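Peer 1: Supplied in structure tokens, the structure appears directly below.
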Amino acid sequence: MPLNNEQPTSTSRSEDQGSDVESSLASEPDWSRDSFNSDGSSKQCTPSSSPPKTVSLDEVMEAGRDLFNLKLAHEIIINDFHMDQDRGTQSSLWNAVRDNVHKAFWDILEAELNDDPPEYQHAIKLLEEIREILLSFLNPGANRMRTKIMKVLDMDLIRQQAENDAVDIQGLASYIITTMGKMCAPMRDEEIRNLRESTDNIVTLLKEIFRVLNIMRADAVNQAIQSIKPLLQRNRVEYERETFQSILNKTPTALNRTTSWIQSALEELLPATMTPGKSDDAGKSQRALPGPIQILNTACLRFLTWDFSKTLVPETWVIDESRLEEIQWQLKQCEMVNEVLLIVHSTVGGPIQGISSLSDRLKRMISVLLEGMHRPGFNLEETLEGVSSQICCELNKSLIERNYPPLTPELQATLTGQICSISQKDNPIRTLVEDRVQQYFIVLLSNPKTQNKLEQVPAGLTAIKPELVQIAKTLISLIDYNRAVYGPFYMDIIRKLLFGSRPPAPILSQEQKGDSTLTTSVQHKALHLITEDNLNSPAAEWSVTSAQMALEEQARSSLLRLRLKLEQDIKPQYLMDHMISDGVITLDEEEKIRIKPTRKDQAAALIELLLRRDNRCFISFYNALVKETYDDLAKLLYVDLPDVLRDGRKSSAESSISSVQLVLSEGGVPQRPVVFVSRPELLNQVRKKLYLLQEDAGGWVTVFGMAGSGKSVLAAEAVRDPGLIEDCFPQGVHWLSIGQLDKPDLLVKVQSLCFRLEQSLDSQSHHRPPTSLDEAKERLRFLMLRRYPRSLLILDDIWDSSVLKVFDIHCRILLTTRNRGLADSVRGPKYEVEVESGLDDKKALEILALYTRKNPSTLPEEARSIVRECKGSPLVVSLIGALLNEKPDRWLYYLRQLQQKQFKRIRKSSSYDYDALDQAMAASIEVLPDEHRELYKDLTVLEKDVKIPAKVLCVLWDLEPEEVEDILQEFVNRSLLFVDCNSKPHLYYLHDLQLDFLAEQNRDQIESLHGKVVRQYQHHYSEASPVSGDKECLYWIRFLPYHMAKANMSQELYSLMLSLDWVSIKAKIMGAAHLINDYVEYGPILDKENSELRSQFQEFLSLSGHHLEQRPFPDVLQLALSQPHSSGVYRQARQQALNRTNSGKLYFELINKTSVENLSRLVIHPHLGSIYSACFSHNGTKVAACGASKMLKVFKSTSGEKLTEIQAHDDEVLCCAFSPDDHLIATCSSDRKVKVWNIQQGKLLRIFEEEHEEQINHCEFTNTARRLLLATCSNDSCLNVKIWNLNKPSSQNTMFGHFKMVNHCCFSPDDSYLSTSSNDGTVKLFQVSTANEWKTIHVKTFFSESDDEEVLVKCSTWTADGTRIICAARNAALVFDVQTSDMLLEIKTNRLSTVQYCHTCPTSNLLALAFSNYAVELWDLEENKKRADCSGHLSWVQRVQFSNDGSQLLSCSDDQTVRLWETEKVHTSSAICLKRDSDVLFDEEKIIVSAADNCNRLQVRDGRTGSMQFQSEELPFRIRCTCMCRNLSAVSLGQENGNVQVLELSSGKLLATLLGHTKTVLHCQFFQNGQTLITSSEDTTIRVWKWKSGECKVLQGHKEQVRCFSLLSDSTNDSKLLSWSFDGTVKVWDIESGERLQDIEAHQGAILSCHVLPDRRLFATTSADKTAKLWSCETWQCAFTLTGHQECVRSCRFSWDSKRLATGDDNGEIRIWSVKDGSLLKICSRESKDGMDSLHGGWVTDLHFSPNNSVLVSTGGYIKSRWGHRAGDLSPSLIGYLLSNDVIPLGEHF
């Protein structure tokens, strides 16, 4: 090309370009040979070039610019191209000149500014250039900043100032730096900061400013490149092709080298006698010309040996020249390495064979030594000598290591000589390797599926296989992409080279040589053979025959006659693919047909085109019908095929269809149904079995299935295979329809078959018809074995084994039947194919569409409902389709008939033997024995899609298991029942259609049939219900209420379901969700008896059911005892508990729960770890939850029943979100992946895993499906908000703006904006359509104390009208106006915890807030008033969400639960919840409780009644501990500020304020009849107060906080005190003197608990060092160290008899030890259970033994449990649960 070879500069190293090309192209649509089918829409699909003309210099320069742009775009597409600040190399002349010029400029500038007075000439030029650079950074709309720059850097003004020596250069520089800071990328902030802090002189500063400006310019260019790259990627082929066309228009000679390149390849392929472009008028040259793909492959192979230093590459390859050169270098080096290795192995031989490590070392060594062999100064001969020397040394070393002698000098010399000889080009080994490499690339380029051949390297090249494959991938990628761009240009060149300016002469047959006249139109049609599509075929045809002449009248008439049928049946797109390949229609013609609105219109347009075309086009259309299996249509056209071919085309077509059709027709095989949908999997199974018959002299293939499953159609279709007929049954296929026949009718059938078989024999073979079945059998045996041994007999619809025995004649038979076991009665090999349930929904819809002549996507909604009702039955779908074909407006009518089971209305299909569907199904049952028909009728009671074990039917039928199994097997064999053999024991089930039929047949007996089931169950299980948990037990537990309801046994149902025994049995086996579903489903029946009790049971399970998921299974009675006294559940539980206490059971009963009210409607316990996210489906029927378990689970919102469970991610799942139509769920995770799931199927649809580099915190779909998008946000520092289109593999947009992690993103109600909440203290609003930032709300500025502290914005939510947005940060929710960004309202809670999440109600002004202190609150946004407290969670609440209708609210928490609340029922409690910091005093019958409430007041209440005895004023500092005096005269409290107060109980009067502690008071206790008060604190001290006088002793010595202490005696005379601390020490004090008596270094870690033995002989300590210790109170020495806990040991307690010590750790594990010898007696932990939850949700915080030492009570993170160990039996027996000790519900307000 007569243009410069300037290359765009890339930062990528040249050696990386090849791999870059491969990776770039591999990630895009496949540029295989298929991509030569260039876009029909491309404007330059047919390249054009200008005629020769004189080219001006301007045109040449413009073409050069186009070429540069083309190269630049190509580099951006192929490589990771970006601009560097310094693009020259350090040693270049350009750099040297540039540096000298720059130095001269700065020297002059410095000299001018140092003059007195200063000169400003160069300074002004510099400032002017800086101004232009700054202006170039501005966007078009930045008018304000543009004006400011022009004003400050006003050159006229500066020149005037220069004339008066008044230029403030320093000030201008400061302004420039400030402006640069506003414009630069964040990564340049450090550079700007350095400029601001610079103390250099002004010239150095200006020089640095200019340097940074150059960097910013490079940044701007790179940003522009990145923004344009996606567009270039999408349109790269079209862009490069159009750009090259514009170059071609301006430079007419721009394809000269390309033409020469292709011409040389063509000359290589053509015989010497043939000259391209010249027509052989005599027709002598009849050889096929080389195809276009062959020509281009040959041309491309030349690049492997191209001399780039001497010959310029073709113009179309200029931009990839460096890549081609690099590929050649790599290939030559690989060849040389391979040649050396071949010589080594052939010379040394055996001793080194099979030593792969040696070959690898040699290969690496040779490669290193040959590095750079392409460079001009490289001396190959010397290098090979060095290679030889190194190889000899390595070989000798390896041989000696393996006890072989080293190489002899002679052998070394031979080896060296052979290696050095490969530097000669004619070396035989070199020639061999180069030839095989060429062969490898020829095979690759010729194969349309390159990937299949990449690994198949020729023999002798195995050593370089990995490198060769990599090179091949790179080269193939380049070639494919190049052809995609320049294919049209190549085709134009090839056409001209082959045919010149005229079309090719036709190749005529002998009969046609006399008539060489072709019409002009036919000649031009020859050019259609050379299309881009022909590049797909290595054997593209270039010849033209007289078959292209005008369409014969007979063929035209055939098209017109069959036009309507063709238009109804064919799919034009598939047919046109073949016709384009044949070259009879063009891409433009295909496009004109394809744009027609419907398939029928397309078919009509194709027929119209055929009528205007020639014979060849008609023949191509016929062949396309054959290839696309339109056999019936092809047969109709066959008789009218033009009889003008002499190349066997027609006979070929005849062999492909008509011979098979003839065989099947003669054998009586039914035609394919008018509407047919293939079932390829079943079809292949049948054909595979038929092939097996080929190996046997005789055998049976049984195709069995229920009525209407499509057995007959499947059998007929299986033999419609030319290969099968030719290989297995060349003597024919014979079809015989049997059905339910008596012997005379069967004899007639066999007679007709014998007659048909004898028809094709000579007349002597004809016999009289056989007169008996025995005679007929022998006649048939003779014919099948002697005359037709390689034929197949198909027996359709066999019912009776006696019929089958007539055909037991040792021939090959395919039979269809409903009875699987029929073939057991005959001899020979047997194979089976089961036709199970029929069609999937897609195929069923396709059948309906074909019958009704519609596109499946345009079918009415009733079509899908009809398909569901048809239950996949091909028969039913076909029957309905045929009816709709006649009455296309009856969709709704036939749907109702199906739903109402009106099978008689679904009448006969022409191809079926029964008048109506019910007759077809009844026929199968009528052949059963009478007693079995009655048993089969009992199956009417089964539920759909339910499989039952045989044991259930043993109960129902009152038969032995063996007898039941035999009966069921008979049903299975007759296709009346299905069996799941994969289950143990086997499970049985009915098809939905069979159940529908039975229900319709026995509808008057439904109630009695269900009643029979219930009575049989009651009889069989009269003594006890089944609790084994096996399949039989599961059935009864699940479906007994169903049978009772259907039997109208309401009293029995009431007694069953409103029984705690049933609740315990079913919940233990199936979980609480199934029970709740039962109460919902059968509620109307139960409510007739007692609606209130039903409601109480349902509420009990909804709120306590999550406890029933734990193992060991809890005692249901203990749970029920926590219900209100007015509840029937409580009364039933109390009565049963009283009965059980007589046998030694222990139960706890709350005495102060007179008005306990739980506000949540349902509690779900879905995961074993924290739940980070939960959400409603848009219709409110489902709840999805995810969290630390890595699972995604979906539940019913009414009952908590689990619907779906998916192992979603490899790490914690942080968020989940439903799509607007509820069909999809998106999840995001710490594994940095976003996944989209089909929730119905539990199937992964999309995964986005490449773009986010940190954990993804939140995901959310748009609110409407109008344009479905998904937004995600992450912890990435910059690219942290992305929007995804599910139809694209990468993100659609990335939102820029946040530079810290983004916690949450949320679409506005109309999906116009996306709000994002970040740790940078802002909420940003982005336009979804453009991804531009619209507004920023600086939330941080609204927190006055946050100047130096981070304000983390957790989330944001929009109001329903989209005018306000609410942000959650710290302990507040801020409401902002969207338009003005003004804060409208601040909801500042009085809680110390943070707001974790917020959500607004779509239908009201409610706002839900989730807190880290376990609470959920509802606020009214209009009134700024709290409306409700939602208490119940036991750990951080992570998320809240309203349902779309606003009626429900869900919350999820780290306590592993999801709670659902009814927003109309929750309310703000009028009383206050008491905190855990409490004291309880038991005084005879009285129980007094003192505790702080959440308003920081001290309350004292009667524990039995809950009545208030005392309440203090609200205190300014949090109460952390409290203690009551025994004589009930006073109560003390300790606060966070270190103050201690003593109050009078009766009046609340402040008796004393004790000041001294400097930090939180952690524990307080009265001593000496209330005269002394002891306190301990975080300030490491213990203080002993005479509180009435204020006298105080300070016990100092601990180094860390003292959480608690214990008195070593109850006596007032013994004043010893034991204290322990986080410093790991235990200290003993004398209270009276304050003296420290003992100082014990007890543990390596903090001491977490301590307990003194009741007899004061020993005390125990537990520690964070995971140990517990027993200590003597006499010697103060350690008696035993107790090890084994895996986590911190947090609690301990001695039994009252001083024999046992219990310890609990942070893993929920409890250990019981012997005090006597320190031995371990029992472990109560996860491992003791069956893999379910731990007994505690974490830490075991406290332990207590009952007074008789028979029960151990433990408190944990979420629940309390009891462990029985009576009489030395320490087996765990969890007997109940209490509420967590975090909140004590007291009195009437709780």
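Each Cβ is built from the backbone N, Cα and C atoms, and glycine gets one as well.
TrEMBL entries are annotated by machine, without manual review.
Relevant sequence annotations retrieved from TrEMBL are reproduced here:
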- 1-12: compositional bias 'Polar residues' (COMPBIAS)
- 1-55: region 'Disordered' (REGION)
- 34-53: compositional bias 'Polar residues' (COMPBIAS)
- 551-640: domain 'CARD' (DOMAIN)
- 1206-1247: repeat 'WD' (REPEAT)
- 1295-1336: repeat 'WD' (REPEAT)
- 1430-1471: repeat 'WD' (REPEAT)
- 1554-1595: repeat 'WD' (REPEAT)
- 1595-1639: repeat 'WD' (REPEAT)
- 1640-1681: repeat 'WD' (REPEAT)
- 1682-1723: repeat 'WD' (REPEAT)
Peer 1: Average the per-residue pLDDT over the repeat 'WD' (1595-1639) and send me the rounded value.
Peer 2: 88
Peer 1: With DSSP as the yardstick, break the repeat 'WD' (1595-1639) down into helix, strand and coil residue counts.
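Peer 2: Reading the DSSP string over the repeat 'WD' (1595-1639) gives 0 helix, 20 strand, 25 coil.
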Peer 1: Report, as numbers and ranges, which residues of the same chain sit near the repeat 'WD' (1206-1247): CB under 8 Å and 6 or more residues beyond its ends.
Peer 2: 1169, 1172-1179, 1182, 1184-1194, 1253-1265, 1268, 1270, 1272, 1274, 1284, 1286
Peer 1: Helix, strand, coil: count each for the residues of the repeat 'WD' (1682-1723), based on DSSP.
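Peer 2: Split into helix, strand and coil, the repeat 'WD' (1682-1723) gives 0 helix, 22 strand, 20 coil.
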Peer 1: Let's see if you can do this one: DSSP helix, strand and coil counts over the domain 'CARD' (551-640), in that order.
Peer 2: 69 helix, 1 strand, 20 coil
Peer 1: How do the residues of the repeat 'WD' (1640-1681) split into helix, strand and coil according to DSSP?
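Peer 2: The breakdown for the repeat 'WD' (1640-1681) reads 0 helix, 23 strand, 19 coil.
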